[in-house]
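Let me begin by presenting the structure, written as structure tokens, before commenting on it.
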Amino acid sequence: MASESKDSPSNNPGLHATPDEATKGYFLQQTMFRIKDPKVSLEFYSKVLGMSLLKRLDFPEMKFSLYFMGYEDTASAPSDPVERTAWTFSQKSTLELTHNWGTESDPNFTGYHNGNSEPRGFGHIGVTVDDVYKACERFESLGVEFVKKPLDGKMKGIAFIKDPDGYWIEIFDTKIIKDAAGSAS
């Protein structure tokens, strides 16, 4: 008799085998990063990673703006601002960039904690690309800062880059991730 998969509930205490029916339809919609300068961050996420701006929301009384980035085709987005907001919040896996006004020009603002130094917390987001090596060559030509290049370290074929605020982004392709996963126990 074959042993159960490591992914099975019996091998993962606390994991429910069947999600509660009340959660049917739930999905992960966004991850939020606080950013210092929207001009710099929007250029990075659109030019370097190829994301589109799905929706911008400004909150003048509270002095902040939200920029929702993603890989959706914005040609299908409604033109009505309220409908476009609803459309944006119906997309899967968006990145919400939160800009608190004034940080871009504040000489005393030192940036946000990215979670990868003490005290550790949040680690990174991940982006799938067609070919990790070609993508990283392009990133290098664009002057992107690397944490790890695909040939560095023990896990070959996986890279980590930094966005302008120091947040880590894992870069991988599905072929190489299959090979890397094959070495896991």
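All residue numbers here begin at 1 and follow the chain in the order shown.
Using the three backbone atoms N, Cα and C, a Cβ is placed for every residue, glycine included.
Annotated range for region 'Disordered' in Swiss-Prot, selecting from 1-21, 85-105: 1-21. Across all of the domain 'VOC' (27-174), the predicted model scores a mean pLDDT of 96. Using a 10 Å Cβ-Cβ cutoff, Lys154 (substrate binding site) registers 7 neighbours. Secondary structure at Asn100 (substrate binding site), as computed by DSSP, is strand. DSSP assigns Gln30 (Zn(2+) binding site) to a strand in the three-state reduction.
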